[in-house]
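Quick look at what TrEMBL lists:
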TRANSMEM  7-26  transmembrane segment
TRANSMEM  46-65  transmembrane segment
TRANSMEM  100-118  transmembrane segment
TRANSMEM  138-158  transmembrane segment
TRANSMEM  170-190  transmembrane segment
TRANSMEM  238-256  transmembrane segment
TRANSMEM  276-297  transmembrane segment
TRANSMEM  309-328  transmembrane segment
TRANSMEM  386-404  transmembrane segment
TRANSMEM  410-431  transmembrane segment
Amino acid sequence: MSSEGKKLFNIIILGVSFMFIFTAFQSCGNIAQTVITNLNNTDFHGSGYTSMSIIYGVLSASNLLSPSLVAIVGPQFSMVISGVFYSLYIAVFIQPATWAFYTASVLIGIAAAVLWTAQGNCLTENSDENTIGRNSGIFWALLQFSLIFGNLYIYFAWQGKTHISESDRRTVFIALTVISLVGTVLFFLIRKQEDAKAPGDDDSANEILGESSSARNKMMRAVAAFKKSITLSFTKEMLLLSVTTAYTGLVLTFFSGVYGTCIGAVNRFGSEEKSLIGLSGIFIGIGEILGGGIFGLLSKKSRSGRNPVVMLGILVHFIAFYLIFFNMPNDAPIAPMEGTDQVAYMIPSKEVAMLCSFLLGLGDSCFNTQLLSILGFLYSEDSAPAFAIFKFVQSICAAVAYFYSNYFLLQWQLLIMVIVGFFGTITFFTVEWGAAAALAARGSDYSSI
């Protein structure tokens, strides 16, 4: 197999592995609060929102050290270890205990930081400035198939049910645990690149680039990766992109946890309210996949750069927020187990709710594919630290959003996303214009990015 073919193979395996792991994890996230609400009349007293807040809070802090850990262990083995911890978190729901639930939340936060840092490093190692857009799209589209498969099962398994029994819960989470483990094993199929650079390497640190695998050399690379992360955090481009990244963190929380809970709490949806959570996840996945395919795989045919895609993303999201505001009861995110009978500005419509799910996924793919692309382009020599900062900002904002989701009515959650999204779009435009100017100075074709 040619070098280019091997790199494409690695990207596909990377995407398929993440697809399996996040088929399990995102399905778990979509139904966690609903399942926990049904458990809270037992000895279990946890909160899905609090758990996700812990996960993303620990993830954000762990991103400061994840480049160093990836430098020591290597990206492939880092992803394998992280996948095991994802599987353990999901397995907790088979026989829930409050202490195990929150302990697993802390552990998966650490594992997620390492997983996504290693993913960014692997993606960049197997791409160049001409293929980073295509490869980002392939990875993102494969990853988002996870939203369809898991939620499709939930939709059919829970159709017509208003209460989730112990048997239903165990069946779902045993299946999700096995799926996550399959994705973890697939990481072993990724082939090493002979000229791959270790995280934290750069042209100014050639003295620590040798192929020696001694403990001293690995520690030096780990320290270099940590220093590089701190340095990159304060660059103009990274600070500007952090606003855009913060917005993706808020949206991630909303569509992966809050919106499904809102749908499941609307009593006017009748006996379908629980199965509609799964259907909502499917439509989010369709939007994500469509966006990844169009704006990633077809990026070579665009001569306009990334800004039009991001503009489309924010417009699509604003339409979705407007429709959700009119369609969903204001107290839906914090409704009790009995649900809510309130009505917003229109009678709650299942069709409008599913349309909003699709728009949320489509808009999210616009932002994430372009952020992955511009980070891989700007920081091709420092991919692990750059992607660690990206996940640091995204996860800390997701943690904050999960925390206030316990208390804020729907209208305030939507308003926060509108404000941050508006400024995040402007800051992304600023960085992209700078990248275009740098390409022009080098005499490269703007469409190649």
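Placement of Cβ uses the backbone N, Cα and C atoms for every residue, glycine included.
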Counting CB pairs under 8 Å, which listed stretch among 100-118, 138-158, 238-256, 386-404 touches the transmembrane segment (410-431) the most? 238-256
Answer with yes or no whether the transmembrane segment (138-158) touches the transmembrane segment (7-26) by the criterion of at least three Cβ pairs under 8 A, sequence separation 6 or more. yes
With pairs fewer than 6 apart in sequence excluded, do the transmembrane segment (100-118) and the transmembrane segment (386-404) have three or more C-beta pairs that lie under 8 Å? yes
Apart from its near flanks, which chain residues at least 6 from the ends of the transmembrane segment (238-256) lie with a Cβ under 8 angstroms of it? 26, 29-30, 52, 56, 232, 284, 310, 317, 357, 360-361, 363-364, 367-368, 371, 374-375, 386, 389-390, 393-398, 401-402, 405, 413, 416-417, 420-421, 423-425, 427-428, 430-431
Mind checking which residues reach the transmembrane segment (276-297)? Cβ under 8 Å, same chain, six or more beyond either end. 26-27, 30-31, 34, 133-141, 143-148, 150-158, 255, 259-261, 263-264, 269, 309, 313, 350, 353-355, 357-366, 369-370, 373
